[in-house]
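Undergrad: Mind looking over this structure? Questions follow.
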Amino acid sequence: MKQNPKISLIGSGNIGGTLAHLISLRELGDIVLFDVTEGVPQGKALDLMQAGTIAGSDINIKGTNDYKDIEGSDAIIITAGLPRKPGMSREDLISINTGIMKTVAANVKKYAPDAFVIVITNPLDVMVYVMLKESGLPHNKVIGMAGVLDSSRFNLFLAEEFKVSVSNVNSMVLGGHGDAMVPLARYSTISGVPIPDLIKMGLSSNENIEKIIDRTRNGGGEIVALLKTGSAYYAPAASAIEMLESYLKDKRQILTCAAHLQGEYGVHDLYVGVPIMIGKEGVLRVIELQLTTEEKALFDKSVEGVKKLIETIK
């Protein structure tokens, strides 16, 4: 009998639990649900296993507080970390979550050095960098979930603007996972037709698209403002699953993720959101887009923002 891939989820909060549910429903592999809080991963694992019986899923889900249980994982998704609370500075958040990420990285290095690692913890571009440096894993095996989520938001808003199915929309968002991200209308299409061409046809306007770009940049903040006590978790989880599935099934999908750049786009030793191809070896290649002077300036500004955040942990 073929053995299922082993997928470990570090952090059993809203995103971790949603990830486990989606993995179980899609039967992508057996799951280890880890958390430092006793009872939480065990309780969620039991609940999810019971839900699986209704869906007909035979996926095994184990809840644990022991890092040893992630041993031999094929893939690991990390959501562990504190959310930003009112009155907490970004620097405070970086400091606390860097400490958490160092502990996670040490255990990944010890128990699962061959795993493909997806980081979701914020501030994303810094946390995935810490994971790479502290774990010693090859850079093609450590990526951050960023652009898939940002593009999903851009896709939805574009579908609403053009009154088409979301399946007709393909969009591109580059840069850091924050306010300075760069949604690219020129590389975004409706059934293959670029957005600028659709504007020329009178189906939208530059003003409307700019509003959509601004809304995309603030996509996470909009949800936080509505929820008041938390942040998005369904779409972030669905985005990470897309990345995970491309790796496990060698789908070689081109997805925008936080990838470790080594000269591409003129960036060295930083994690920035760019299109990459994901297959069974991890990151197979970085896709370098030809950017206009204006687009490159926005991208470079976003990169500078990431650099400044990285400086705070050095």
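A Cβ is built for glycine as well, from the same backbone N, Cα and C atoms used for every other residue.
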Undergrad: Check Swiss-Prot for me: it has G11, S12, G13, N14, I15, G16, D35, I120, T121, N122 binding NAD(+), so pick out which one of N60, N97, N140, N155 it puts in that same site.
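TA: So the NAD(+) site in Swiss-Prot includes G11, S12, G13, N14, I15, G16, D35, I120, T121, N122 plus, from the candidates N60, N97, N140, N155, N97.
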Undergrad: Which has the fewest other CB atoms in a 10 Å radius around its CB: G11, G13, the listed binding-site residues?
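TA: Fewest other Cβ atoms within 10 Å, among the binding-site residues G11, G13, is found for G13.
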Undergrad: Just checking the binding-site residues G11, D35, R90, N122, R153: which sit within 10 A of H177 (active site, proton acceptor), CA to CA?
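TA: So far as Cα distances go, the binding-site residues lying within 10 Å of H177 (active site, proton acceptor) are N122.
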Undergrad: Which of the listed recorded positions (R84, R90, R153, H177) has the least company, meaning the fewest other Cβ atoms within 10 Å of its Cβ?
TA: R90
Undergrad: Taking the Cα atoms as reference points, how far is R90 (substrate binding site) from N122 (NAD(+) binding site) in Å?
TA: 10
Undergrad: Please give me the CB contact count at 10 A for N122 (NAD(+) binding site), counting all chains in the structure.
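TA: The answer is 23 other Cβ atoms.
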